[in-house]
Amino acid sequence: MACYFLLVLLILTVSGASVEAHGKLSPNYYSSTCPEVLSIVKERVRVAIKKEARMGASLLRLHFHDCFVNGCDGSLLLDDTATFIGEKTAAPNNNSVRGFYVVDDIKAKVEKACPGVVSCADILAIAARDSTAMLGGPSWEVKLGRRDSTTASRAAANNSIPAPTFNISGLLLSFAAQGLSLEDLVALSGSHTIGLARCTSFRTHIYNDSNIDASFAKSLQRKCPKSGKDNVHQPLDFQTPTSFDNLYYHNLLKMKGLLHSDQELFNGASADCLVEEYAADTSAFFKAFAKSMIKMGDIKPLTGSSGEIRTNCRKVN
């Protein structure tokens, strides 16, 4: 009940930033123009994850980092051009986001089946769902019909994507700016039940923070020194890094969150009760995660005559 009242308060507080409804997005958008798209994406994601289980987390993260920068428009996929610097070298993405070649592979297969029909932004949304489900997580109906942006913004990526050093207040403001609530923040952070993070992302947490299990911090310090070895990777969920489950939340209860921003979700503030709920009930977490992913996928999509359908996800037509 305490969580319910907190959520009502936060929804009232950030209601001005609510996500605009976009009725044109529909799970059946390609049912007549490209009925093969869902099966193509699912098969190529399956192949990619079979080759490297971590790729599921990488594809899920691409969708997240795309949607938080001017909406879910595929802008993250654009390479630099003479007229703009893309988002790939922004601080949250540089030497970090990956899986672009998998998206290229999917796009090539989809273009062969249905030339000029399916957007790169929609491919990211479908691949994120399929990656989650294939690693043991929930599935959901992906709303489709997004078009692709014709530009990108490194500045917007630097400013809009929440950093691993954020406190709970910064995380809430970052999510509220996208029309997302406290519940969305805690549920979507559960994506850290899969994947890896670089030493640079958690170094400050393991050396400077007090809200971390001492033995856990020491074990990480042996792998991530105070300087050097920036590209050493550690699992965001040290127990089951390639299984989409609720152990991420169990780790937070034990003060074993890898990132400062992770542990902020269970640190005596407004998110604590949701962390406890999701740690106790996997189905509650899965239901909330699916709901929040659909909501995130609704952030400012390009529809109608806006944007384009890119032939190559890395460049405008």
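Cβ atoms are placed via backbone N, Cα and C, with glycine included.
Within the set Cys34, Cys67, Cys199, TrEMBL assigns Cys34 as the partner of Cys114, by disulphide bond.
In this structure the alpha carbons, written CA, of His192 (heme b binding site) and Asp237 (Ca(2+) 2 binding site) are 7 Å apart. If you take the Cα of Glu87 (Ca(2+) 1 binding site) and the Cα of His65 (active site, proton acceptor), they are about 9 angstrom apart, rounded to a whole number. All chains included, 19 other C-beta atoms sit within 10 angstroms of the C-beta of Cys34 (disulfide bond). There are 23 other Cβ atoms within 10 Å of the Cβ belonging to Arg61 (site 'Transition state stabilizer'). Put simply, of the recorded positions Cys34, Arg61, His65, Val69, the one whose Cα is nearest the Cα of Thr193 (Ca(2+) 2 binding site) is Arg61.
Within 8 A of the CB centroid of the Ca(2+) 2 site residues Thr193, Asp237, Thr240, Asp245, the other residues of that chain are Ile194, Gln239, Pro241, Ser243, Phe244, Asn246, Leu247, Tyr248.
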